[in-house]
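Per TrEMBL, domain '4Fe-4S ferredoxin-type' is recorded for A:9-38, A:40-69. Annotation source TrEMBL lists [4Fe-4S] cluster 1 binding site at A:Cys18, A:Cys21, A:Cys24, A:Cys59. The [4Fe-4S] cluster 2 binding site annotation in TrEMBL covers A:Cys28, A:Cys49, A:Cys52, A:Cys55.
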Amino acid sequence: MRSFVFPEFQIIRDEEKCGQCRACERHCSFGVHTYDPVADRLVSDERKCAGCQRCAVFCPKGAIIVRPSPSYYRPNASWSREKIEDLKRQAETGGVLLTGCGSDKPFRIYWDHIVLNASQVTNPSIDPLREPMELRTFLGRKPDLMEIAAEDGDIEIKTELSPNLVVETPILFSAMSYGAISYNAFRSLATAACRSKTYFNTGEGGLPREMRDEFGRCAIVQVASGRFGIDAEYLNCAQAVEIKVGQGAKPGIGGHLPGEKVSASVAETRMIPPGTDAISPAPHHDIYSIEDLAMLISALKEATNYEKPISVKIAAVHNFAAIATGIVHAGADIIAIDGLRGGTGAAPKAIRDNVGIPTELAISSLDRRLRDEGIRNRCSIITAGGIRCSADVVKAIALGADAVYIGSAALIAMGCTLCQKCYTGKCNWGICTQDPRLSGRLNVDIASARLTNLISAWSHEIREMLGGMGINALESLRGNRDHLRGIGLYEWELDVLGIKGAGE
Amino acid sequence: MARAVTSEPGIFGARQYYQNVEIPSIDARGLETRELNDQLRELMLSGGKRVQITNVCGQRYIGTRLYTPEHLEMEIEIFGTPGNDLAAFLYGHHKITVHGNAQDGVGNTMDDGEVVIDGRAGDVLGFSMRGGEIYVREGCGYRTALHMKEYDGKRPVLVVGGTSQDFLGEYMAGGIVIILDMEVQSHKANFIGTGMHGGVIYLRGDVDQSQVGDQVEISPVDEADRTVLDDYVSRFLERFPEVEKRKYEILNSQFVKLAPRSKRPYSDLYAY
Ligand code: SF4
Ligand code: SF4
């Protein structure tokens, strides 16, 4: 059937500059550029272009511009171009629309409506270049009461403490599974996490055996509904175990890693035959209630000899805060909360763009709810979904999070351009692909250095912002909404966030 | 802590013939789950290779905490009724025998080893199991063998002497399930194998197309299947000598094989 969808992108090649080196042809996995030997020039099939900018970045002559196509339907506020084209695609295929990355819809981004405080005259600001600044964070259950005994000047803690994760900066890499992303991308995250004294999250695709010794010390391993790649060694080599119940990009549904992405080594890691669809059912079929969840949490504590904190990751949806308190009572040591703009390797577009609530509102309601119930100490909150810069991290923590997970931001550091074509397995940046020709483009040393740089840059900025507020430990900012003010928000939004309007 | 079983029978006391055997034992009466599993682990770490646990009454996750990097192994006999998630995440060549019934979640995400239940099992039996073998003398509950999977040489096996309830083998991605229906009650389960994309289920007797998911193909068993059945039915009978059926009686009956039509049941679902 002929497609009635016109190209999303326009490719402009400056023939003056182009030297016919054919780099663009080699770089584009979507097969956009081809060399026409008769005309001795390159031609582009714009219909196939994903707008990933690989060719534009790698053209040695800078001869290519890829930009959104200026063609347009008659403007119509109700029928946007995207709505028309999505509909056409479905009329042509009869399928569910898939997409990658977090939602790109213009839901209000609260980070951009919140401003931070700074010290002036009284309570002087602190200079992080000369004063120590504490970003170290402990993630996990804290005791209700701490009994201590002092003997000969030594302080001994009498209370039995729960295992905690220690991060030197409150930024962890979000769950991205080997299978969804390439081995090189996965390994780059692991390398950078270890180097930055933080953690990466394996996602639900297992942890390759040869990585367990080296990277287990900075791994959080996931147990999801598909239960891929799980054995006792996997659970025990890591520092924490996360039960994935939901994901911000697709709350309430499972996932299918298409058979094409299940290469021999992905299959080995997930422990399923190569080429089969790796299906994660929507619920865990052994969890239909909080009691069932409590059972899986306890089973995982047993399986890891009570040595690791257990995290439960849920998507932020309407009544999630009440559910989250149930999760804390069920024994979770960490709650990871993933908001509306959380990323994904593949999700039905209808779900990604319509289900869930923004992270910012979620953190605040969760923190408040746990405080109201007097159980905030029993779990840490890691928040995910739409963290783009260090200021977002600071705001998240002031709203009540203990730490943040970054996914998209980490991918962008490695080269991702948010082209949303991850589900095709043809990522030109070598990130979301299992094609060795493409994944080979991502050099682990370089990508991990880029990630390490990102973490160190953000950590430094966080110290600067803290210092500016006259705070020398992140701990003092946690849930400290007094340092936040809202701009351009409705009353109800300020209420949910628990912050005052600017100037108040 | 190893001590001989006393002759005083508990609610689920050891049977007479075990009393004189010098096997370390744990009396589970009044023990919390964690306490029982502490004792079990301690025993294994101190070199115990066999143990009998008596008066078990609902304690969960027995066997779950037996992973060690050295891959120590243990033979565990349970008298009474172990609680949910028996042998969950079981790893290595442990062997667990239950003289009684088991509850829900037996062999949840089990990786290896063997579980024998001389009685019946509850729901979600063998959920996401990816290695090892489970034998249940009687029937089991709902959601049996859900999302069981295999890779390479690792192929889980589940043999059930009775029948299973609904959702048997849903999303199954590997492994062998054999439902023997020894009492010949006929298979009443529905939604068998919905979303199945790997592995095989053998049912003794027959099943109607309306009881199985769209993704499942029902076919008669062939020679190769007979060999598999022969093998595991023998093993089943070895474990339950009190079963009054001869192997040939079982094997001579009709069997049907349920296998997935495709490794990729949902490949046409999406618009690319
Ligand atoms: S898909 Fe990427 S590499 Fe290919 S033409 Fe478009 S922007 Fe260039
Ligand atoms: S990971 Fe690759 S395919 Fe996915 S959005 Fe980024 S550049 Fe595109």
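Keep in mind that glycine also has a Cβ here, set from the backbone N, Cα and C atoms.
Feature annotations (TrEMBL) mapped to structure.
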| residue | record | contacts (Cβ under 8 Å, 6+ apart) |
| --- | --- | --- |
| A:Cys18 | [4Fe-4S] cluster 1 binding site | A:Arg41, A:Leu42, A:Lys61, A:Ala63 |
| A:Cys21 | [4Fe-4S] cluster 1 binding site | A:Pro60, A:Lys61 |
| A:Cys24 | [4Fe-4S] cluster 1 binding site | A:Val32, A:His33, A:Leu42, A:Ser44, A:Cys55, A:Phe58, A:Cys59, A:Ile64 |
| A:Cys28 | [4Fe-4S] cluster 2 binding site | A:Arg54, A:Cys55, A:Asn428 |
| A:Cys49 | [4Fe-4S] cluster 2 binding site | A:Pro7, A:Glu8, A:Phe9, A:Ile11, A:Phe30, A:Val32, A:Val66 |
| A:Cys52 | [4Fe-4S] cluster 2 binding site | A:Thr417, A:Cys419, A:Lys421, A:Cys427, A:Asn428, A:Trp429 |
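Contact annotation for binding-site residues (A:Cys18, A:Cys21, A:Cys28, A:Cys52, A:Cys55, A:Cys59) versus ligand 1: A:Cys28, A:Cys52, A:Cys55, each with CB under 6 Å from a ligand atom. Taken in sequence order, the binding-site residues A:Cys21, A:Cys24, A:Cys28, A:Cys52, A:Cys59 that lie near ligand 2, meaning a CB under 6 Å from one of its atoms, are A:Cys52. Each of the binding-site residues A:Cys55, A:Cys59 was scored by the number of other CB atoms within 10 A of its CB, and the lowest score belongs to A:Cys59. The list of residues near the domain '4Fe-4S ferredoxin-type' (A:9-38) in space but at least 6 beyond its ends in sequence, with Cβ under 8 angstroms from a Cβ of it, reads 44-46, 48-51, 54-55, 58-71, 421, 424, 426-428, 433, 435, 438. Other residues of the chain with a Cβ within 8 Å of the Cβ centroid of A:Cys28, A:Cys49, A:Cys52, A:Cys55, the [4Fe-4S] cluster 2 site, are A:Ile11, A:Cys24, A:His27, A:Phe30, A:Val32, A:His33, A:Ala50, A:Gly51, A:Gln53, A:Arg54, A:Ala56, A:Val66, A:Asn428. When pLDDT is averaged over the domain '4Fe-4S ferredoxin-type' (A:40-69), the result is 96. Residues A:Cys18, A:Cys21, A:Cys24, A:Cys59 make up the record's [4Fe-4S] cluster 1 site, and a Cβ search at 8 Å around their centroid adds A:Arg13, A:Gly19, A:Gln20, A:Arg22, A:Ala23, A:Leu42, A:Cys55, A:Pro60, A:Lys61, A:Ala63, A:Ile64 from the same chain. Secondary structure of the domain '4Fe-4S ferredoxin-type' (A:40-69), assigned with DSSP and counted as helix (H, G, I), strand (E, B) and coil, comes to 8 helix, 9 strand, 13 coil. Across the range of the domain '4Fe-4S ferredoxin-type' (A:9-38), the DSSP-based residue counts are 5 helix, 9 strand, 16 coil.
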